[in-house]
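J.: I have a structure I would like to understand better, so I am pasting it below and will then ask my questions one at a time.
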Amino acid sequence: MYRKLAVISAFLATARAQSACTLQSETHPPLTWQKCSSGGTCTQQTGSVVIDANWRWTHATNSSTNCYDGNTWSSTLCPDNETCAKNCCLDGAAYASTYGVTTSGNSLSIGFVTQSAQKNVGARLYLMASDTTYQEFTLLGNEFSFDVDVSQLPCGLNGALYFVSMDADGGVSKYPTNTAGAKYGTGYCDSQCPRDLKFINGQANVEGWEPSSNNANTGIGGHGSCCSEMDIWEANSISEALTPHPCTTVGQEICEGDGCGGTYSDNRYGGTCDPDGCDWNPYRLGNTSFYGPGSSFTLDTTKKLTVVTQFETSGAINRYYVQNGVTFQQPNAELGSYSGNELNDDYCTAEEAEFGGSSFSDKGGLTQFKKATSGGMVLVMSLWDDYYANMLWLDSTYPTNETSSTPGAVRGSCSTSSGVPAQVESQSPNAKVTFSNIKFGPIGSTGNPSGGNPPGGNPPGTTTTRRPATTTGSSPGPTQSHYGQCGGIGYSGPTVCASGTTCQVLNPYYSQCL
């Protein structure tokens, strides 16, 4: 992703730290999800969510005096990084009333603008395994599915669901000065190596801090926090993108100044992470009628949809969607020498050749990225607006001086004048995103859990091996590749699977070569 503000225009006139105080109690909103087995049986898991430390009220450990006010630090409490960490603590969160975050069963909603004592914009949350530990997912060889409602997200907003290689305990075991840990949402990192984090590795980020020129609540410090990032879903009602970002070091590490690269540095490509990624945005790839608001689009964003992402052991990534009980594969793309709908090495090579850039391959491409997906990654869900590029990289023409004839420049139908945070916040304060029905398991396991109905309420299907009928003496038909669709109501493509795979029914509308 291009611009992921760690303080997505966050809580006004507050501060943050990495030890905990108790003036406000901390109770994580509960959120259930399902873990599925290869046989298709899914069991409910009891989890919760926690808001990132950067949103929290931070004050002196012995009083309610702010350590950070507006977009500047207290010179008394925070003269340097180490002293600030000793003097300041972060406090609990009133999730619904302050941050617009609510849960119900397996559903999480994040509101855009919430007005309480102060104004809050957006939020970033992590799924918890326990009260003090983030839930980790090993993506390689597995699939991840969820339902999402983006109907209320206009141009300029991003309801994101993604994974990062941050520490499961929030950094407590590595950095003794961080005593708040995952319980208070510490330890964030991503492929932009964000420098707007108030605390990194148990110390403040006050040294070298420069207040933002266009955001009264944020700034950039001397350090950043880097790690690999898998953007499963960056989207609003206009555009959506799927993007892996490798780093030469997989897990969380601190960086310094412009050596961080990414959004927050003058040298975007000067760090250890790939800030651009290998993105799959159907609109950018020329399919302008696949995703958008209204019945004229294949996927109608005025309605909830299911998103299923599969991580092959080869490192390739597959995607399909379900809406109103009908399954839709990722649309095919024709890009240079590449033709298909799988995000793989050939696709990423073709994208760089056609659209320009080499950051993804320079940082090791999918081979390096497999090192992240083969280990534990933390699930992040957020809603944010973009003070750096107005989200134009997701839903408009970007860079704005390019035209429709420039390969890859047009990413969505939004105007190049859209997405200005001040306008979006005033015009769409009630915007929200809802994520629900999270499932995780081996490839082919989450599409139709035992005893449940496929999306849209169709009768449950069974996971069985189906051999297509053959006619004696006829020539064999076309063969479907591994992970490709091989059957289902309304499907007319190849039904014979490649050698070593069989056609398995996931639901009445979708069978897949597995």
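Backbone N, Cα and C atoms are what each Cβ position is placed from, and that goes for glycine too.
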J.: In Swiss-Prot, Cys88 is listed as disulfide-bonded to which of the following: Cys42, Cys67?
T.: Cys67
J.: In Swiss-Prot, Cys414 is disulphide-linked to which residue out of Cys155, Cys189, Cys193?
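T.: Here Swiss-Prot pairs Cys414 with Cys155 via a disulfide bond.
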J.: Which one, Cys42, Cys78, is listed by Swiss-Prot as the other cysteine in the disulfide with Cys84?
T.: Cys78
J.: Identify the disulfide partner of Cys21 as annotated in Swiss-Prot; candidates are Cys89, Cys189, Cys193.
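T.: Among Cys89, Cys189, Cys193, the record in Swiss-Prot lists Cys89 as the disulfide partner of Cys21.
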J.: Can you tell which of Asn62, Asn81 Swiss-Prot marks as N-linked glycosylation site?
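T.: In Swiss-Prot, Asn62 carries the N-linked glycosylation site label; others show none in the record.
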J.: Could you tell me which three-state DSSP class Cys189 (disulfide bond) falls into?
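T.: Its secondary structure by DSSP: coil.
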J.: Between the Cα atoms of Cys255 (disulfide bond) and Cys88 (disulfide bond), what distance do you get, rounded to the nearest Å?
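T.: With distance taken Cα to Cα, Cys88 (disulfide bond) is 23 Å from Cys255 (disulfide bond).
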J.: Can you tell me the CA-to-CA distance separating Cys414 (disulfide bond) and Cys227 (disulfide bond), as a whole number of Å?
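T.: Checking the Cα atoms of Cys414 (disulfide bond) and Cys227 (disulfide bond) gives a distance of 31 Å.
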J.: Starting from the Cα of Cys67 (disulfide bond), work out which of the disulfide-bonded residues (Cys226, Cys273, Cys497) are within 10 Å.
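T.: Taking Cys226, Cys273, Cys497 one by one, none has a Cα falling within 10 Å of Cys67 (disulfide bond).
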J.: Based on Cα distances to Cys278 (disulfide bond), point out the closest of the disulfide-bonded residues Cys189, Cys247, Cys260, Cys503, Cys513.
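T.: It is Cys247, whose Cα lies nearest.
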J.: In three-state terms from DSSP, label Cys88 (disulfide bond) for me.
T.: strand
J.: On a C-alpha basis, identify the one among Cys36, Cys193, Cys273, Cys486, Cys503 that is nearest to Cys84 (disulfide bond); the candidates are the disulfide-bonded residues.
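T.: Minimum Cα distance from Cys84 (disulfide bond) across Cys36, Cys193, Cys273, Cys486, Cys503 lands on Cys193.
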J.: Do you know offhand how many angstrom separate Cys42 (disulfide bond) and Cys513 (disulfide bond) by C-alpha?
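T.: Just about 21 Å between their Cα atoms.
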